[in-house]
Amino acid sequence: MPAVLYGKGQETLPLQVLTQDFSKIYKLAGESTLVYINIGDQSYPTIIHDITRDALSDELLHADFYKVRLDEKIKAMIPVVFENESSAVKDLGGIFVRNVNEMEVEGLPQELPHEIKIDISELKNFGDQILLKNVKLSAGLKLIGSEDEIIATIQEPISEEELQKSLEQSTASVEDVEVIKKEKEEETPAEEAEAPKELEEKKE
């Protein structure tokens, strides 16, 4: 499988890697864990910056390795894993709503986590939220984003009556749009029919 190695101050190097071996490494490292590329007698600290897959078969086609410096901080998107169970969901029938699948983290390459684990057992009532500022990381790591960004929350369950009412309102809105559109279409020919008369009057 073709790949490429590049980075700040690094000459771009085309590579060939074994697809099966890369697939195993990618599952373990993701796009935030250090991967060392050995070329000849040199070893390059990198992170997997991007991959390309076949749209139909999902087969791996290409990989980008970004060379990093161990003394310089970088930013990377880290997958989020929600752990445990919310009593508001289990006992009250609430709906757990996750607003993110990954979060941007800044830190030294060797200190970036493979994933961010968030405990949702503290969500005990409807409306409880986990904000970005509530997410704790190791020293030296920084989350990028607004402190008040909602990462996850618990919503009240919606009743069948409320669901039906919501669907009826949505249907009514669509019908209103269609009626207005139809009225505009009916008005257009009349305006176009008057245009030739104005041209004829000017001609006289």
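A Cβ is built for glycine as well, from the same backbone N, Cα and C atoms used for every other residue.
Residues or ranges marked as domain 'Large ribosomal subunit protein bL25 L25' by TrEMBL: 2-65. Residues annotated as domain 'Large ribosomal subunit protein bL25 beta' in TrEMBL: 73-157. Summarising the annotation, TrEMBL assigns region 'Disordered' to 161-204. Residues annotated as compositional bias 'Basic and acidic residues' in TrEMBL: 178-187, 194-204.
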The domain 'Large ribosomal subunit protein bL25 beta' (73-157), counted residue by residue under DSSP: helix, strand, coil: 10 helix, 35 strand, 40 coil
Tally of residues which DSSP labels helix, strand or coil - the domain 'Large ribosomal subunit protein bL25 L25' (2-65): 11 helix, 36 strand, 17 coil
Overall pLDDT of the domain 'Large ribosomal subunit protein bL25 beta' (73-157), taken as the mean: 95
